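Below is one structure, written out as structure tokens, with a few remarks after it.
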Amino acid sequence: MEKVIQELKEREVGKVLANEPLANHTTMKIGGPADVLVIPSSVDAVKDIMDVIKKYDVKWTVIGRGSNLLVLDEGIRGVVIKLGAGLDHLELEGEQVTVGGGYSVVRLATSLSKKGLSGLEFAAGIPGSVGGAVYMNAGAHGSDMSEILVKAHILFEDGTIEWLTNEQMDFSYRTSVLQKKRPGVCLEAVLQLEQKDKESIVQQMQSNKDYRKNTQPYSSPCAGSIFRNPLPNHAGNLVEKAGLKGYQIGGAKISEMHGNFIVNAGGASAKDVLDLIDHVKKTIREKYEIDMHTEVEIIGGNR
């Protein structure tokens, strides 16, 4: 990897770190090392990074702000591209905004609310990046990204980059085309908003923030929701009904506040979290004959 690191630095693509612990880059504070972590300084820098990756034929992975993510203890081989400060541009034109994939969803929602632009109220308090939100069709309070996305600039698994329309994104509940059909990540997005009364937008945002603060354990290291809701049921309710709130394996613990959250109670490993996830799946299956599926992305090791 020395030649890869050297060329990435020569091309001045952004920050380049060798053998970087990914626990430093996830909201759960868990994860082994990346062979190389690159934080690109722009979309053009991403293109340069991909040129180097193709030249040396190395594996690559993209992460955002580290929420909704569990990195395995073995870490990630090859190059990890972290969409962060270099991809947090914001351009507003009327009721339409073009925003970088590394931009904070919370920061974007707050900024737009102050301008009286409606459409992202549901995102108040949601951790993570715009790119990640598009990738998983993040949502809350009956709304999601599919309702406001016009198009997205996508870096595909084969290294090509192109724009996809809302229809081409093939959104459904907490999924998009990027997860399986056409694996890729969102570098930037164009969102359609609507001008409304600023005060009512701000009030709704605050209400959503308060709800999250009072019902979800974001003061503790966690990844966000662990399981998708097996509709019409709610994952958190099933976990609570099964008596699993507070259940702990190693340093990983099911939150006392919300059954669909696993917190790092101190020194948790990814294995602790995986074992706890398996225990929940097995228990819910035995008690209610319902299969639970993870919402959190699990990456690293041989995955």
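All residue numbers here begin at 1 and follow the chain in the order shown.
Note that Cβ sites are derived from N, Cα and C of the backbone, with glycine treated the same way.
The active site annotation in Swiss-Prot covers ARG174, GLU295 and rests on similarity to another entry. The active site, proton donor annotation in Swiss-Prot covers SER225. For 29-196, the entry in Swiss-Prot reads domain 'FAD-binding PCMH-type'.
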Exercise. Given the model, what does the mean pLDDT over the domain 'FAD-binding PCMH-type' (29-196) come out as?
Worked result: 94
Seminar exercise, completed: Once DSSP output is merged into helix, strand and coil, ARG174 (active site) belongs to coil
Exercise. Taking DSSP three-state, what's the residue listed as 'active site, proton donor' in: helix, strand or coil?
Worked result: coil
For this session: Compute the C-alpha separation of the residue listed as 'active site, proton donor' from ARG174 (active site), stating it in Å without decimals.
Result: 11
Problem set entry | Sequence-distant neighbours of ARG174 (active site) in its chain (C-beta under 8 A, six or more apart) | MET136, ASN137, ALA138, GLY139, ARG228, GLU295
Exercise. Taking the Cβ of GLU295 (active site) as the centre, how many other Cβ atoms fall within a 10 Å radius?
Worked result: 20
Exercise. Including all protein chains displayed, how many Cβ atoms other than that of SER225 (active site, proton donor) lie within 10 Å of its Cβ?
Worked result: 21
